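Okay, so here's the structure we're looking at.
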Amino acid sequence: MRVLRVRLRQGGGGHAQHSATRASSGRRRGFPGPPPRCRTVTSPRADRPGRRRGSRVVPVHHPELTPGGAERVATIDLDAIEHNVRTIASKVAPARVMAVVKADAYGHGAVPVARAALRAGAAFLGAVHVSEALALRAAGIDAPILSWLHTASTDFPAALAAGVDLGVSGWELEPIAEAARAAGRTARVHLKIDTGLGRNGCPADLWPALTARAAELEAEGVLRVAGIFSHFSVADEPERPETGEQLGAFEAALEVARAAGLRPETRHIANTPGLLTRTDAHYDMVRLGLGMYGLSPLEGVTSADLGLRPAMRLSCQVAAAKRVPAGQGVSYGLRWHAQRPTTLALIPLGYADGIPRIAEGAPVLLGGRVLRSVGRVAMDQFVVDLGPDVAPEDVVGTEAVLFGGEGEPPVEAWAEAASTLNYEIVTRISPRVPRAYVGAHAAADAAAPEGTRP
């Protein structure tokens, strides 16, 4: 096995609707950790089970937080990201795909995921904050990027200098125009109409004034209305009428914009559930968020049903194990007591790592068996009941998988245990958990850009 080590710089690194049922994907196994402050690129032997020739494993560590590296790791399959983008692109063509990499790509790592998505054919990137877009630019990514959630402190001049498209719901139009005038640039903006979600987006009664003013600024040459967009509220519930009502409101908004003289090149409204359930919502581009990470937004529809592969696998080493008598309580509040003598395993992941505190009874794959967590999840750890027949010495140091792909607990099982959504489970996995990247192009995707390495 060939191992290449590259020094790393010090430093770190949605919309949620219904959760789905079990997901299916190719599984990825764990691996030992490299020395601190190193990136390891591993080229496995062709005859190693579970790996394709030419695949790569790239652990990216935060040694100041996790000495030992692979004590716990979120393994990100970039081949799965590519597969998912291509799968969705084939469903929505000729519409283009925006790969939504906000929130550090839903916890998967924005830069590696963006590179994989672009290679798979994504035409645009979505990063909700300008700061996220600028981080992508700093990594050497020059693809079109849209950022749409701003405050009075948003650095519009920096966004314009970096060639970032900016979403406009109303008040942002004049500050962006002023920044463009000062810089002698033409800003690219996407006007957002609120069609029913009630968050940002221009209210319908103010839309004529916004589009008219945008047309004036476009004539002045300080901006170009490159897009008009909106966002669905209940597209994950296909039987509800509101999605059709939102499409009607979007069409009306487009007509108002046309009457104002605007000719945007890109109209977009569909998120992952919308693009899956409404072919009439594809327009010029769809925004692929959850589906890019291989997860289903539709209740009763699995990732496998959609032809998608979950991209994140969360695993760790068992930290400790011990026998306890019947009646032994576990964790804060002593909400669980052993009904018989049993063996308990200590899992070194907790709510500081993003594991929901309330996820009692969530599944863990350990020793070929799916077991259940018992007691409350603490800040750094939780406990799994192994049963009376397991010797503690046989468990310590072995791998425990919280969720992953085929044959492993799905993200949705953890979402159900925590009364939340699959979106939240993956997104909340904290930077304290190292990310490791696997896939044919993992070494390049996870690498720092030229000129930024020490």
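One is the number of the first residue shown, and numbering goes on along the chain from there.
Each residue, glycine too, has its Cβ placed from N, Cα and C.
Taken from TrEMBL, the feature active site, proton acceptor covers LYS102 (among others). In the three-state DSSP scheme, LYS102 (active site, proton acceptor) falls into the helix class.
The Cβ of TYR332 (active site, proton acceptor) has 12 neighbouring Cβ atoms from other residues within 10 Å, across all protein chains displayed. Taken from TrEMBL, the feature active site, proton acceptor covers TYR332 (among others).
According to TrEMBL, the feature substrate binding site maps to ARG199, MET379. DSSP assigns ARG199 (substrate binding site) to coil in the three-state reduction, placing it in neither a helix nor a strand. The Cβ of ARG199 (substrate binding site) has HIS231 as same-chain neighbours under 8 Å, each 6 or more residues away in sequence.
Broken down with DSSP, the domain 'Alanine racemase C-terminal' (311-438) shows 22 helix, 46 strand, 60 coil. Feature annotation from TrEMBL assigns domain 'Alanine racemase C-terminal' to 311-438.
Annotated N6-(pyridoxal phosphate)lysine per TrEMBL: LYS102, in sequence order.
According to TrEMBL, the feature region 'Disordered' maps to 9-68.
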Open item on the list: What does the structure give for the C-alpha distance between MET379 (substrate binding site) and TYR332 (active site, proton acceptor)? Integer Å is fine.
Closed with: 11
Task: Site with most surrounding Cβ atoms, counting all protein chains shown within 10 Å, from the recorded positions LYS102, MET379 - done: LYS102
